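S.K.: To start, I am sharing the structure in question, which I have written as structure tokens.
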Amino acid sequence: MSYFMEFIIYLLTSSIVFLTGVTLGIYVYYNFSKSLTHKAISLLLFFLFVRFLSVHLYLDNNIYDYPHFLLVNHLTSRIGVPIVFLLVFYHTTKEKLHWVHYFHIIPFFLFILNFWEILFSSAQVKQEIMQAMEIEGYAYVWQLGALFSPKQLELLRVIPFYSYVAAIGYMVFKTGNFKKLPLHLQGFFRIVFWFLLANLLPIIISSLGFEQVGSFLVANVVGLFTTLIITVTFFFIPNFLFGLENEPNLEYIENVETIYETLEDDKDVLIFKVEEFMTEFKPFLSAEFSLKFLEKNLNISGRYISAAIKEKYQLNFKNYINWLRIEYFKSVYLPMITSSEQVNLEDIANELGFVSINTFYIQFHKFLNTTPRAYIDQYLMSKALIETV
């Protein structure tokens, strides 16, 4: 394949990646009412998707010589690892993210500035760079930096990266239990684990003495498979990763024997029993609470319980439980709040039985059309106004 055709492939790939990123950014901005954590993890998965689509889309190994590989390979890790660090930092220390934390992305921007001329040079210059890289590899590119010498660049590439990895490992280890992390972070780390495992496989195969050509083919097959998994994961994030609908449709439990089946025609009696049980024991404050639990304690078919709730509240069982949690927050937690600054919403979300603060925000917005923080601020403002009258 001529260098001209390779450059055309490079140009098309770069354009598609750029346009996809812009489209995705517009979609996320107007459609995702999720938390900052949700958006950050979405961005990370998109980086992984772009990186491996770029690397493994073609069997021609000259893909490694494309100058834009500097962007999708090295910059993905340079921006991705600090984002993961900030996510873990936020969820383990419970501290708020402030403007000073944006300094963590400085190495990322320094790397871009150092190779700005290469990334946006003419087609002829890029083809000359590709020819030189075939002989000298990346050692040639490291000499073309506008700001740093090769040794300084090596420090910029290595020290921040491994420092962040070590810090992330330390914070996760310090929690004492991986399951103490929010479910969305657990899901993200599981994806990263399989992602790394899949991409170490070609190295392992090569070390076993297989022919290099065959190993390269395997690398591309594994890379394409990994890209497919990441793509599916990315586009199904709301249900797959964040567990927003992590409980099955409980309205249709089959083959449940009960001595109260005659209550099917007396939903008023049934709903009274449900409400009395909820008021007295407040089982909805446990994240483990389910229709199965209620069914067992009331000795009433879950199908009939769901039907009664649906008829009175126009909510399915899952939404009914979330509604009870929101109402409990309004009646019990809200009156105790005196300052918005001192409120730890993640702790409150856990105490209310939500699996994560993301779920708390989403359910709160669903029922009250606002966020918990905005609702608290409005409550405190109204309370202060009443007290001054």
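Here the Cβ of each residue, glycine as well, is placed from N, Cα and C on the backbone.
Nobody curates TrEMBL annotations by hand; they come from automatic prediction.
Residues or ranges marked as transmembrane segment by TrEMBL: 7-29, 41-59, 71-90, 102-123, 155-173, 185-205, 217-237. Residues or ranges marked as domain 'HTH araC/xylS-type' in TrEMBL: 275-378.
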S.K.: Check the domain 'HTH araC/xylS-type' (275-378) for me and report the mean pLDDT.
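M.R.: Reported value for the domain 'HTH araC/xylS-type' (275-378) is a mean pLDDT of 89.
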S.K.: What are the helix, strand and coil residue counts for the domain 'HTH araC/xylS-type' (275-378) according to DSSP?
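M.R.: Final tally across the stretch: 80 helix, 0 strand, 24 coil.
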